[in-house]
Amino acid sequence: MPGREGRAAVAPAGAAAPGGAAPPRVAALTRLRLLFIGWVVIYHLELALGALRGVPVAEAVVRKGWLGVDGFFLLSGFALWLGYHRRPPWGLRGHARFLGRRLARLYPLHALALLALAALVGLAALAGLQVNDPTRFGMRDFWLQALLVNSWETTDVLAWNYPSWALSAEWAGYLAFPLLLAAVLAAPRPALLAVPPLALAALLALGARDPGAGLNLTVHLGLLRFASEFVLGLALGRLCAESPRPGAVAPAALAIAGLCVPGGIALGVDTVTVAGLAALIAGGYCREAARPAPATPPRDLALRLGEASYGVYLCWVFVEAALVLLLRVADPSQPARLALMGVALGVNLAAGWLAWRLVEVPAQRWLLARMGG
């Protein structure tokens, strides 16, 4: 992160960024994006390959990898608090500008992935290849996905580029963001302290509806899953940013994460794992806030891949398509499947990084320049 030695790595809550500009990114949170996306991708790879079937502990952890999406929902609220609590997007113009900036980042890669998948499905049909579950590729679901409303109880099908259900949920959060931010800004501290337990209670109730599915809710009830975690992230962002002793908070939060993440997986209670992910975010932020800023901005591999996490997420379906074709003509042994998992993960990370570098960032810059920054 940018900064000079001796200064806090994260600006305190009372310090606005110069000229109302966005504050610098928190490197620890960007690295967490790599952890979360890696967990999600390995989960999907295991579904396709069954490489860890029968392997104690590893299979249980990987089979809960969809909870990495919950980590992103928490992180989204937390990061938006850090980015906007000193420059809130008030009024129609402010909200429109905020939405424009979010779309400039979100939409180009989403649109490209959706169109590329449509082309892939069309080419497969022309080549006479069988498409798994062709009902997933109807025009109605295409347009729902193109408009980012596919997680708004508009469909019961995980269609087309199905990971985009989470983008649809995020878009709903962006639409509601000024109201939610105003509520968190206005809340007295005792009320704010009640938000995390209330949000976790809501998640516990949501997960109890179907113990078999838990919190693995997408196009149906996924919006409630997102809303609880997004609000929790916002509240946690304010609590952490206003903490007078982040150095004392960090080890306690990381200890809670170390207990709750594996504990929730072992118990089969997703809400406990989500609580651990929230604590991990809080601990990572507070630990960095308590340290002097590095003399030069970090540019390690984990940070670079964390920046590319959105591209990694959207590229997964293309890696999946290649795996499906491979498994139609071959039946690898379990060791070979494990090796294939490693290769596919590397390919997915590389493709996501290229998508970030060649599409997401240039398109975002081009669009922001035309919006006036």
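Yeah, the Cβs are placed from backbone N, Cα and C, and that goes for glycine too.
Your range for transmembrane segment, going by TrEMBL and the list 214-236, 283-305, is 214-236. With a cut-off of 8 Å on Cβ pairs spaced 6 or more residues apart, the transmembrane segment (308-326) and the transmembrane segment (338-356) reach 3 or more such pairs and are scored as touching. The stretch from 106-129, 191-208, 214-236, 248-269, 338-356 with the most CB pairs below 8 A to the transmembrane segment (165-184) is 214-236.
Ranked by the number of CB pairs under 8 Å to the transmembrane segment (65-85), the listed stretches 191-208, 214-236, 248-269 are led by 214-236.
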